[in-house]
Amino acid sequence: QQPYEDKFVDRKRFLEQLIENANVKVFDYWECVRESAVVSQHLSIVVIYTMVFQRLWDGRLPLEGMLALDGVLFMWWILCLPKTVDRFSLENVFITARSISFFIVMLLLLSPVMHTLTRTYSNDTIWALAIFYLVIHILSIDYKYINGWSDQRHTGVMAVNAATFSSVLLASRLPSSLHAFSLLALSLLVFGLFPVLRRQLKIFTVKGFLAVTWILFAMALALLSSLKPIIPVSFTIIIVFIKVCYLVILPEGSGIRAVLDDDFL
């Protein structure tokens, strides 16, 4: 017979080998700021794109300037994209130039059709649909790929399609088919190819990635400053709010887990 009751509990040794939060990583606010830079960066890109459209639509940005912007980005992409492969060579440059040129030519040929695609729709409907699809783009883009957390290829197909459809809607309100082509080409370069370069930049240098984030954020604020003062202030608050959210809710599988101490809670 045992010398103690069945319900006996040794208070000194009870759960002494229990390990709490064994696989949890504790981190601070600034780590969240660094890891959430990809979201802030993409929001800034979307704002810059929409403000470029607004200036192209109301005539403050001339067509020649828009085409020059597309040309500069086109040449930059041709020179930078081949560096994302293991071996940089002139052959890779020519392959990249041929691939991008094919899509640019297709856009040029299809732009007259896309320019008149939604002529029967009212402006309010176009604005609402364009905003709706841009929100879908922001929510569905593969941030893990851009941030270098995933070794798989870019899987944000839905995000690219949403951005493309939103661009088609916006391009249909521009004065001419050439204006529509310039905006669609910018959409292809920014939403289709830029995520690949941003991923490589994050892998190569985190400081450079953060510097690009600050530059894009400053450009977005500069463009928003022409609107009502509440708009750039609201955009800044949204960016700061994203940092705070990373302390509480983070994408599953991101490799980071938020831990708040008991005093904070």
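Each residue, glycine too, has its Cβ placed from N, Cα and C.
If you look up TrEMBL, you'll see 61-81 (among others) marked as transmembrane segment.
Nonlocal intrachain contacts for the transmembrane segment (93-114), taken as residues 6+ away from its ends with a CB within less than 8 angstroms of a stretch CB, comprise 74, 77-79, 81-82, 168, 171-172, 177-178, 180-181, 184-185, 188, 193. Among the features that TrEMBL reports, transmembrane segment is placed at 93-114 (among others).
Annotated transmembrane segment per TrEMBL: 126-143 (among others), in sequence order. Listed as Cβ neighbours of the transmembrane segment (126-143) (distance under 8 Å, sequence separation of 6 or more from its ends, same chain) are residues 38-39, 42-43, 46, 50, 118, 150, 154-156, 158-160, 162-163, 165-166, 169-170, 172-173, 191, 195, 251.
The annotation transmembrane segment is assigned in TrEMBL to 178-197 (among others). Residues 45, 49, 52-53, 56, 63, 66-67, 69-70, 73-74, 77, 80-81, 84, 100, 103-104, 107-108, 111-112, 114-115, 137, 141-142, 145-146, 154, 156, 159-160, 163-164, 167-168, 170-172 of the same chain, all 6+ positions outside the transmembrane segment (178-197), place their C-beta atoms under 8 angstroms from a C-beta of that stretch.
Look at TrEMBL and you will find 204-224 (among others) tagged as transmembrane segment.
The feature transmembrane segment is assigned by TrEMBL to 230-250 (among others).
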